[in-house]
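Take a look at the following structure, please.
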């Protein structure tokens, strides 16, 4: 890590009254520098509750938007303005409106991996760590879930009494994980436990000893007496896993699962963003007002 640049970023942070948030999929040097590292739900709480006036969000676009919607009075910056999420872009507001017309009695639940414009048409947002708790607190029997059909399928398995209508979206990195890659690793490391993110396909989830969010995977591996783990999610999580468990071994199916947009953040663009107060996240007032409802409901139902 560039110590001089790191020092300058820390000084700028004090000067600007800023907090740096980083997702588990961010590069190791960014995670090390961040004030808080976590999954989407945890980071949305920090963004909402922090006292700092400036939030620098090291992640992808929908995360910065969610932070701005939850804290409109704060300045939210992103080191890379074009760090997107292909899954979030698979659904548009016209598609949501059409589905709502088709299923007028359905509650519209969106994965937080959605754009602000889509959230504006949804009743509640969920994250992979909060989804089950939230759905437990929802009485509706008919649910439109978007955009991730894999996470939606996992949630639907926990609620057989509810009827789910899915959007045909997915995370290409999780969706591309193949069962053979996991079986191959299981043959090599006989006692390894398989920890799977619910954005994976059902055939991958079925191979898992545990299915859960990034924070859930880290907690499970840390508490387990096992020494070997096969990790079916983006490889950025390995930094926190190895940091918490230096004597344990972690293996990625296929050897590599890398989200290119999550890896766009660098110390250089983080420094530039703070120094010049650039790449501010702007969400139109009308969209922000409508989208806020789904995020407030997320926190209310997850904490209820």
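Think of each number as a place in line: the chain as shown, counted from 1.
Just so it is clear, glycine is given a Cβ too, placed from its N, Cα and C backbone atoms.
Below, the features straight out of Swiss-Prot:
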- 23, 40, 111, 112, 113, 128, 197, 198, 199, 214: iminosuccinate binding site (BINDING)
- 85, 171, 259: [4Fe-4S] cluster binding site (BINDING)
Who sits close to residue 85 ([4Fe-4S] cluster binding site): which same-chain residues at least 6 apart have their Cβ under 8 Å from its Cβ?
60, 61, 62, 113, 171, 261
Would you count the other C-beta atoms found within 10 angstroms of the C-beta of residue 113 (iminosuccinate binding site) for me?
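For residue 113 (iminosuccinate binding site), the count of other Cβ atoms within 10 Å is 29.
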Within a 10 Å radius of its Cβ, which of these binding-site residues (171, 259) has the fewest neighbouring Cβ atoms?
259
Compute the C-alpha separation of residue 199 (iminosuccinate binding site) from residue 259 ([4Fe-4S] cluster binding site), stating it in Å without decimals.
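A Cα-Cα distance of 13 Å.
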In whole Å, how far does the CA atom of residue 111 (iminosuccinate binding site) lie from that of residue 259 ([4Fe-4S] cluster binding site)?
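The Cα atom of residue 111 (iminosuccinate binding site) is 18 Å away from the Cα atom of residue 259 ([4Fe-4S] cluster binding site).
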Cα-Cα separation of residue 23 (iminosuccinate binding site) and residue 259 ([4Fe-4S] cluster binding site), in Å?
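Distance (Cα to Cα, whole Å): 12 Å.
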I need the CA-to-CA distance for residue 259 ([4Fe-4S] cluster binding site) versus residue 197 (iminosuccinate binding site), whole Å please.
14
Using DSSP and collapsing to three states, where does residue 171 ([4Fe-4S] cluster binding site) fall: helix, strand or coil?
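SS state of residue 171 ([4Fe-4S] cluster binding site) = coil.
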For the recorded [4Fe-4S] cluster site formed by 85, 171, 259, name the remaining residues of the chain with Cβ within 8 Å of the site's Cβ center, in chain order.
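What remains near the Cβ centre is 60, 86, 87, 113, 172, 173, 174, 234, 261, 262.
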